[in-house]
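Participant: Below is a structure I'd like to ask you about.
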């Protein structure tokens, strides 16, 4: 493998970096971190010429100067001091000491400082000429060696604490206006953000909607709450913290796109957003049908009635039962009762067994919908959470398709377990019966489109943002399904032809 040349712009300057074949993801990130003169906890993003966020990793594709990437610090600490300021301070101190010494031979402290300044200048020059990797390796050898010697895997608790440290270190950073605006759209790409960064963005969402001021939520309490929510999502293929973030981010986007801020109370916005955040807490990766058929503790505890959704609610309020995590602790008892009741309704509504019931109710009131009608508003809140929960196909294909792989993996894990236990297996979860296109065409046609069509009748602006992308997804998977079936039929025909040919040959041989 050869060295890859990466062309990019940063701070208005055209730059070039060389990536060695054996460089690690950490090496590459530090290359760009040095290029942007960013602090260790600053968040960097790399964009293609089309504005698509790229993953900063060794898999970056080499490019030309005409297709330069764009590197930005999307969150920065206004109190941080850049390297040029440090150099200036060192030079001032050096000049002051040299002036005091005059013509005498410089003492050791002056020689040391002169050496430091010259070394610093050389490093800046190497940065200017893009010797990023050399600078990183020179400064980071001891750090890298320490990582190598400490190779024992971290426990889940240690990993969580590492995320917490990163989150708190980043929490004072200022996220750029460009990222803030993109966060309000269904096209937001969740795959480019690490867990601590997603926690920062969730904090931005809560802050942006003015929840902290309106409900007297202390920042450290919000941070504790968000971190505990993160800790209570399991490391499973689909129903994990990243899914929680996606659903919350979509809800946030829908709030802005539909101008819900002017139509419902801020308390109802808090209900919907917090419901989205908590809607799958402690999901085990096995659905309600499995819980009931396997007679699990959850199914027994909740009498086979939406066992998972009831559990998600219980975990959410268990987190808020801790004073240091209770974002509702400064509300009146009436306000708390309103929010608790709303969250329970919204989270229970995400049980797909209730999908037709809730959609039918919304369809019946949609023609006469009234935002001042409490019943109408409560149904709408359920619908908004449901739309957010199953909105992946409304996102760009590059964002949506990996989620389908994750979902199928979780389905296959469940069906494999069901087969081992002798439990009923749903065909859409059976790895021997389902394919990617077949899994989506029915779901989009019979679940997504009816739901998204109804919400678009109330909010016509959503047709462009979520309904049209879902229609395009249906066309894509329908065509893929047709192509797959045609290929299977051609293969089967070849097999029959080959078998017939073999049989005739055999018969001819017998005659001879």
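Backbone N, Cα and C atoms are what each Cβ position is placed from, and that goes for glycine too.
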Participant: Which range, 457-484, 485-512, does TrEMBL list as region 'Disordered'?
Facilitator: 485-512
Participant: For the AMP binding residues given in the record (239, 240, 241, 242, 243, 280, 389, 440), what is the largest pairwise C-alpha separation in angstrom?
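Facilitator: Farthest-apart Cα atoms in 239, 240, 241, 242, 243, 280, 389, 440 are separated by 23 Å.
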Participant: Considering the binding-site residues 240, 440, which residue's Cβ sits among the greatest number of other Cβ atoms within 10 Å?
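Facilitator: Result of the Cβ crowding comparison: 440.
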Participant: As a test of the contact definition, list every same-chain residue at least 6 positions from residue 239 (active site, proton donor) whose Cβ is closer than 8 Å to its Cβ.
Facilitator: 233, 280, 283, 285, 410
Participant: Quick one: which residues besides 243, 279, 280, 389 have a Cβ within 8 Å of the Zn(2+) 1 site's Cβ centroid, in sequence order?
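Facilitator: Output for this site, in sequence order: 239, 244, 247, 276, 283, 350.
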Participant: Going along the chain, which residues six or more apart from residue 279 (Zn(2+) 1 binding site) have their CB under 8 A from its CB?
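Facilitator: In sequence order, 244, 247, 309, 312, 346, 347, 350, 385, 389 meet the Cβ cut-off.
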